[in-house]
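Now, the feature entries from TrEMBL:
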BINDING   TRP47, TYR139, LYS261, SER295, ARG385  substrate binding site
BINDING   GLY107, SER108, ASP232, SER296, SER297  pyridoxal 5'-phosphate binding site
MOD_RES   LYS261  N6-(pyridoxal phosphate)lysine
Amino acid sequence: MTSHQSPIWHPFTQHGLGDPTPLIARAEGARLYDAQDNSWIDAISSWWVTTHGHAHPRIMAAIRAQSEKLDQLIFAGWTHEPAEMLAAELIRITPDPLTRVFFSDSGSTSVEVALKMALGYWYNIGEPRSRILVLEHSYHGDTIGTMSVGERGVYNRAWQPLLFDVDTIPFPHEGLEQATLDALEAACAQKPAAFIVEPLILGAGGMLIYPAWVLAEMRSICARHGVLFIADEVMTGWGRTGTRFACDQAGVIPDIVCLSKGLTGGSLPLAVTLCIEPIFAAHWSTDRAKTFYHSSSYTANPIACAAANANLEIWRDEPVQQRIDALAVAQGAHLSMLGHNPRVANPRRLGTIAALDIVVPDSGYLSNLAPRLIAFYRDHGVLLRPLGNTVYVMPPYCIEPDELAQVWNVIAASLDAPG
Ligand SMILES: *Cc1c(COP(=O)(O)O)cnc(C)c1O
């Protein structure tokens, strides 16, 4: 294990706990290596981004080739081939009503853009609306706006005074789905601007799964009330839930979709917000006051777009869906073997994502459980990062069966390890 003294302030890291920070030198497939060739299996796809595996040759080649042609370009009033190709392909693979593509550079930003599009729409058509409906336990990012539409808690307590008010719809727990739908129906009657959801599974909220019919029903309630429906597919997109997009499984066509993470196969930061024509049309004018005022310096960076185009080629040319199907089956088999362990509760799976809760004796134990588990997994050659007492496995689709077995063996061992 390599430790590293450095001036870096790491994200979501309590430096006061003094945990060692592995120094990774290279990665390939589902494995990370340090300079001494110690390796770790990346069982969470480097925080949900790596889909086809690290350093996929096709994506690396596209990055190399693009870097020799055009590195960066202002995107206000100018354009380039990799962005044009990518936008056209995204429009081709998503449902017909989604006609416009807005580029940005992270999942959080794509959500900020979605919220701004929604309010911009209502403002520009002369019926200003500003309330946003959100689902309980949601996570949409760590900027002020995305924290506002996410679950409130220890992660954002210090900034609570800056967060705007939203209306929260209860999570559709099993047996309580109708209560969720009724609450949404009542909230929609108040004429909010939009409802934002993570389709089918709430990631950071604890890998909470809900059925496709509920997603479909929520969508049609919004449609009936003319409330814009925003699907945050930042985590669920690109095959994680078993289909390319989670909304596909529910036959849902959102008004706005946010994509990032696996958009470049997990190689470079890039995000898009897709929307339906009326939202674009509401901003289309000879009046400069109706311009959509949003940009990041690296909007539609050409090298990142080239990486995303390579990702889409991989989806076209390689048996990606078969890999996803096989991984889903394997995850289910491993999960069912562990499901009988008395320390395991709520084993659950959606597509390639498998999760379980560890039964803990008391909540004080819980507070230290995740860091202890993270260290245990790290010491046993596996990168896993439980959410509280929820352990989940979300590997790249290229993970080998023996690597996946090792991940689950280490999880099993962690259940028996002394506290
Ligand atoms: C990760 C995530 C985001 C934020 O994406 P970043 O690229 O980390 O800003 C937003 N929404 C969901 C559902 C996510 O999982």
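Glycine residues also receive a Cβ, built from the backbone N, Cα and C atoms like all the rest.
Less than 6 Å separates the Cβ from ligand 1 in the case of none of the binding-site residues TRP47, SER295, SER296, ARG385. A 10 Å radius around the C-alpha of GLY107 (pyridoxal 5'-phosphate binding site) takes in these binding-site residues out of TRP47, TYR139, LYS261, ARG385, in sequence order: LYS261.
Taking the binding-site residues TRP47, TYR139 in turn and counting surrounding C-beta atoms within 10 angstroms, the largest count is reached at TYR139.
Put simply, the two farthest-apart Cα atoms among GLY107, SER108, ASP232, SER296, SER297, the recorded binders of pyridoxal 5'-phosphate, are 23 Å from each other. Of all Cβ atoms in the shown protein chains, 17 besides its own fall within 10 Å of the Cβ of ARG385 (substrate binding site). Distance from the CA of LYS261 (substrate binding site) to the CA of SER297 (pyridoxal 5'-phosphate binding site) is 19 Å.
Taking only the Cα positions, the spacing between SER108 (pyridoxal 5'-phosphate binding site) and LYS261 (substrate binding site) is 10 angstrom. Here the binding residues for substrate are TRP47, TYR139, LYS261, SER295, ARG385. Their largest Cα to Cα distance works out to 33 Å. Here the Cα atom of TYR139 (substrate binding site) is found 9 Å from that of ASP232 (pyridoxal 5'-phosphate binding site).
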